[in-house]
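Chemist: The feature repeat 'WD' is assigned by TrEMBL to 14-44, 60-106, 146-176, 185-215, 225-256.
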Amino acid sequence: MAHETAGYRLSCELRAHEDDVRGICICGDSGFATSSRDKTVRFWAPNPDKKHQYVLSKTLAGHSSFVGPLAWIPPGDRFPEGGIVSGGMDTLILMWDLGKGEVVETMKGHQFQVTGLAVDDNGDVISSSIDCTIRRWRKGHAIEFWEAHKVAVQAVIKLPSGELVTGSSDSTLKLWRGRTCLHTFMGHTDTVRGLAVLPGLGILSASHDCSIKLWALTGQVLMEMTGHSSLVYSVDAHSSGLVASGSEDCFLKLWKDGVCIQSIEHPGCVWDAKFLENGDIITACSDGTVRIWTLDNDRICDPQELEAYGVELSLYKSSRKKVGGLKLTDLPGLEALQVPGTTDGQTKVIREGDNGVAYSWNSREHRLVKLLMDQEIAQLISF
């Protein structure tokens with residue numbers, strides 16, 4: 001019988017993405033999907049030759065900019081092998097037939113980046129966006145939408161009871177029944193970036209204020225978890241009661257009863273973290289690598305791989321001190337993009353994950369234009 005280690009250790013590394021891995025979606029027993037800044041979704045299936053390991057099964061390319069949120073459609077008559085819904089910076093929501101690897105629906109309507117996705121029991125797709133709205137889609141068409149917050153909506157989840165919860169840059173969560181707001185949760189002091197359900201207890205929220213909170217549906221804060229030193233992007237919970245969080249501080253943190261019981265450093269920002277049913281944890285990192293962590297001695301990678309990871313981590317830590325002569329930790333975060341420039345051509349250098357990215361102010365269009373290399377199309381940020 002397999003026995004547990006004193007803490008989570010590396011099980012495997014999955015390399016296929018060509019840029020930051022941004023999101024993770026557990027796809028039942030079929031495997032899991034990951035999204036990336038490389039504009040793709042990758043589906044990873046269990047490796048038939050190596051138990052508890054995974055292989056790249058499908059690469060889904062259809063977005064024209066980086067892909068963020070993902071949602072799973074369980075196998076059924078329409079999708080015998082299941083379906084995946086993806087949302088992107090390109091404002092599009094794509095529905096994929098996983099078996100065929102093809103887009104079957106393209107949902108257009110959001111004005112800016114899609115930030116969250118959920119699939120209702122009746123098959124409707126629910127989406128959130130930087131454009132402040134929640135939209136409900138049926139058969140590829142928006143059947144309703146409403147302004148959920150006055151500023152960007154960063155996340156949406158569906159509760160087992162059918163209600164929705166949204167998180168926003170206004171630092172609040174809102175509980176929705178249909179288009180009716182039942183309650184506004186106030187307690188964070190910065191953007192609410194990630195949401196999850198802690199079964200039987202309440203709602204978890206991850207915030208740019210560096211904390212994770214557990215809320216009762218009444219809006220009462222039941223627990224606060226502090227320990228991250230930078231923006232917390234994601235949070236997830238396991239049926240065992242364990243909570244996982246990922247942060248710009250490059251750590252995956254594990255929490256039990258509000259106490260941090262383990263911190264696992266990564267060679268990059270941890271954009272997302274999700275539990276598998278067996279308790280293993282998948283992390284999405286800005287270095288383009290997907291990693292699986294385990295408590296089970298039988299699933300730990302071999303000593304050579306562990307040693308190589310240690311070297312990789314050491315090299316990363318020694319290289320991340322400065323970006324173009326600027327100290328990375330001193331650069332402003334994404335919140336600085338909300339502040340208009342003062343003169344035409346004014347340049348701002350913003351910290352995005354582990355990179356310093358330059359933006360130039362276009363006073364005529366009242367926009368910040370991201371300065372990109374390699375003939376990529378400039379991404380326009382509107383106010």
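Each Cβ is built from the backbone N, Cα and C atoms, and glycine gets one as well.
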Chemist: In terms of Cβ proximity under 8 Å, which residues at least six beyond the ends of the repeat 'WD' (146-176) contact it?
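Modeler: Cβ under 8 Å, 6 or more out: 112, 115-121, 126-134, 182-186, 188-197, 203, 205, 207, 209, 215, 217, 219.
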Chemist: Could you give the residue numbers and ranges of same-chain residues that sit at least 6 residues beyond the repeat 'WD' (185-215) on either side and whose C-beta is under 8 angstroms from one of its C-beta atoms?
Modeler: 116, 152, 154-157, 159-160, 165-169, 171-175, 221-226, 228-237, 239, 241, 243, 245, 247, 255, 258, 333, 335
Chemist: Mind tallying the repeat 'WD' (14-44) by DSSP state, helix then strand then coil?
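Modeler: Reading the DSSP string over the repeat 'WD' (14-44) gives 0 helix, 20 strand, 11 coil.
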Chemist: Using DSSP, what is the helix/strand/coil residue split across the repeat 'WD' (60-106)?
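Modeler: Residue counts in helix, strand and coil order: 0 helix, 25 strand, 22 coil.
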